[in-house]
Amino acid sequence: VRTELEPIELEDGAAVPKEFANPTDDTFMVEDAVEAIGFGKFQWKLSVITGLAWASNYAMEMMILSILAPQLHCEWRLPSWQVALLTSVVFVGMMSSSTLWGNISDQYGRKTGLKISVLWTLYYGILSGFAPVYSWILVLRGLVGFGIGGVPQSVTLYAEFLPMKARAKCILLIEVFWAIGTVFEVLLAVLVMPTLGWRWLLILSALPLLLFAVLCFWLPESARYDVLSGNQEKAIATLKRIATENGAPMPLGKLIISRQEDRGKMRDLFTPHFRWTTLLLWFIWFSNAFSYYGLVLLTTEFFQAGDVCSISSRRKEVKAKCSLTCEYLTEEDYTDLLWTTLSEFPGVLVTLWIIDRIGRKKTMALSFFVFSFCSLLLFLCVGRNVLTVLLFIARAFISGGFQAAYVYTPEVYPTATRALGLGTCSGMARVGALITPFIAQVMLESSVYLTLVVYSGCCLLAAVASCFLPIETKGRGLQESSHREWGQEMVGRGSHSPGVTRSNSGSQE
């Protein structure tokens, strides 16, 4: 139900609702306050805390998978399918919980959802260190994955406190904490595994989550969420606290309450206004995870063979080999894990440089296209050095594309469904991560070229999907209510740019 509002006339003749008038009038919105207060001391603190969640609750727990699997394979004499299942069960847990955590964050608050997911991961992360048998650690790591599914909500909370000009750069720089977390986990494994073993590694890896759980008490609830749930006093107190910490003045006037009873409803993602966006984003996130984790698996196979042509032409020799034969990770293996992580940094830097220049949609499309092009170049019988360069470039861009999706998704959905939208997209990414081992490992044994065609074709389709997204969020504020045309929050402000003005019945672009 749309409420008819009294229109006012701007200098350029475009009519907008008075509710969305300039912040110098007698009313203002949360978006006005966030822009007026700007980026300061509060956002710096929030960046560190969000980065800690990203590094400890996401990067470290995911990096454990590549370290724990070969260790348990040797120690418990596990067959290869049980080792693979140990990795898959974490993704199953993440996939099954991502939408749930998004729903909780939209209905009960971003801070609430994030705290529960972190405490959940901390509890089962420590408990998995005491698993007596394989079946127990399988269940416990699945429950850890269930908790990790709530980590993307830290990006939702983070984005809602960032002014428009800093939002893309700050969310992209969170990827740096991912790299720091993986490096820290590998270094911790080097110190702990030879002496204390994998149980202590699991316990010590979960302890940084305890630090984040304590810091969560400092975190405020999102002012956008408080306004949407009708809690004006709490939202004002939060905004005043941010203004005080940043040493900036609050906007004059009264904060507008746009109360909306239904929050976090799946049907809101499929309204006529957002249906096409939701479906395209699901495929984009699926393709991102499918290609990213697939490339990680393919890299090991290619390096072991020397080049693509060697995999294609070699005959698999069947050797009489004991099924219990295994190899522990060596210092060289840990070094390779560190080097693999370094390809994330150029991807972030390139994405950081272009995302505010060419827009979110084109950045994602470019990342997918470069990945697809590098995949096709692997058809050539290149040497080891060229192979390394192509894989490095491909991973850098697919990693950057992932971060561009993390920027775009919270920006495109309104506050009422922002956490749920990000959660469902994250869930679709886990579906891609679940499927990719069967392509990168099983199909690779039959045809290396067919495998490369699957990844290249999927990313080409994702590049097209990125171009067809109905909404470009570059240079626009976060939408508060799903009952108004997208982007009206930015209409009528002194900061709006020519060509972005909309009428009261404005279109998406």
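Glycine is treated like the rest: Cβ placed from N, Cα and C.
No curator has checked TrEMBL annotations; they are predicted automatically.
Over in TrEMBL, the protein carries these features:
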type: TRANSMEM; residues: 46-69; note: transmembrane segment
type: DOMAIN; residues: 47-474; note: domain 'Major facilitator superfamily (MFS) profile'
type: TRANSMEM; residues: 81-104; note: transmembrane segment
type: TRANSMEM; residues: 116-137; note: transmembrane segment
type: TRANSMEM; residues: 171-192; note: transmembrane segment
type: TRANSMEM; residues: 198-219; note: transmembrane segment
type: TRANSMEM; residues: 273-293; note: transmembrane segment
type: TRANSMEM; residues: 363-380; note: transmembrane segment
type: TRANSMEM; residues: 386-408; note: transmembrane segment
type: TRANSMEM; residues: 420-440; note: transmembrane segment
type: TRANSMEM; residues: 452-471; note: transmembrane segment
type: REGION; residues: 480-509; note: region 'Disordered'
type: COMPBIAS; residues: 498-509; note: compositional bias 'Polar residues'
Checklist outcome for this item: On average, residues of the domain 'Major facilitator superfamily (MFS) profile' (47-474) score a pLDDT of 80
Checklist entry - To the transmembrane segment (273-293), which of 46-69, 116-137, 171-192, 420-440 is linked by the most Cβ pairs under 8 Å? => result 420-440
Checklist entry - Hey, which bits of the same chain come close to the transmembrane segment (452-471), Cβ under 8 Å, at least six residues off its ends? => result 276-277, 280-281, 283-284, 287-288, 290-291, 294-295, 298, 308, 361-362, 364-366, 368-369, 371-372, 375-376, 378-379, 398, 408, 412, 439, 443, 486-487, 508-509
Checklist entry - In the same chain, who gets a Cβ under 8 Å from the transmembrane segment (81-104) while lying at least 6 residues past its ends? => result 61-62, 65, 68-70, 72-73, 112-113, 116-117, 134, 137-138, 141-150, 152-153, 264, 266, 419-424, 426-427, 430-431, 433-434, 437
Checklist entry - the transmembrane segment (171-192) and the transmembrane segment (386-408): do they have three or more Cβ pairs under 8 Å, with pairs 6 or more apart in sequence? => result yes
